[in-house]
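Notes follow the structure.
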Amino acid sequence: MVWFKRVKPSIRTTDKRDVPEGLWWKCEECGAMIHKKQLEDHVYTCSDCGYHFRISPYRYFSILFDNDTYQEFDDALRAGDPLGFTDTKKYSDRVHDTIGKSGKTEACRNAWGEVGGNPLVVSAMDFGFIGGSMGSVVGEKISRAVDKAVELNAPLLVISQSGGARMMEGAFSLMQMAKTSARLTLLSEKRLPFFSLMTDPTMGGITASFAMLGDVNLSEPKALIGFAGPRVIRDTIKRDLPEGFQRAEFLHEQGFVDCIVHRKELKSQIVRLAGMLKV
């Protein structure tokens, strides 16, 4: 028996499937709903609270390079499987599946172009590819970015966005820490500036190698920066951690980060620093 019967037809609302996917983004900090166009206008930051969304290397390239004009290089490098590593699946299958699902080919992209009318080489990491982890290809790309900067007599900017070394490559991954750090000495010898921008997150072997070696170490606001994560540290020392521990602002207070820069001001900051350090 039906107790209630709808006499009049309900008001028809727009079906959810009529709304294009990705049109609205939710801020992970304050929960605000942001239209895609507004998000683009604010370089993928929340206009309410300033939260910085993770973005791809290509979006950083668009923000930085004059007229969105740049030349990508060494984009054909692909990860191998030197150890035949398998956890829940084969490493080679994991790489293949990630490429197929994301359209990304590795956790780092290199490009060069003009920023403020002067040449700049940028190596940007991508958390969307296996957590932005550094394997042999990422280490090689960053090393080649150093070589390109020397070739062009230009500064180098490395944008870190990574969970650390890629465990599936074992020692091949760990040696990239030494390899990239050693390669950066070429810039010192040529008196070329190296800028390191740490974004959320910059962890593990990335922090323990090139990310902290910049002539100027910059960070986006509230980026998580450290070696082991705060939960691991807290469980190990059995003590509560200071408020904001391992966040950019905390590291800035301790002198590990030279400057916290909003993404809107990133290009102008790089232009200013490059001008100051130009020889």
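The backbone N, Cα and C atoms fix where each Cβ goes, and this holds for glycine too.
In Swiss-Prot, the feature zinc finger is placed on 27-49, out of the ranges 27-49, 50-72, 142-164.
Counting every protein chain shown, the number of other Cβ atoms lying within 10 Å of the Cβ of CYS30 (Zn(2+) binding site) is 11.
Mean per-residue pLDDT, taken over the domain 'CoA carboxyltransferase N-terminal' (23-279), amounts to 96. In terms of DSSP helix, strand and coil, the zinc finger (27-49) has 6 helix, 4 strand, 13 coil. In the shown protein chains, 18 other C-beta atoms lie within 10 A of the C-beta of CYS27 (Zn(2+) binding site). Comparing local CB density within 10 A for the binding-site residues CYS46, CYS49, the maximum falls on CYS46.
Within 8 A of the CB centroid of the Zn(2+) site residues CYS27, CYS30, CYS46, CYS49, the other residues of that chain are GLU28, GLU29, GLY31, ALA32, ILE34, SER47, ASP48, GLY50, TYR51.
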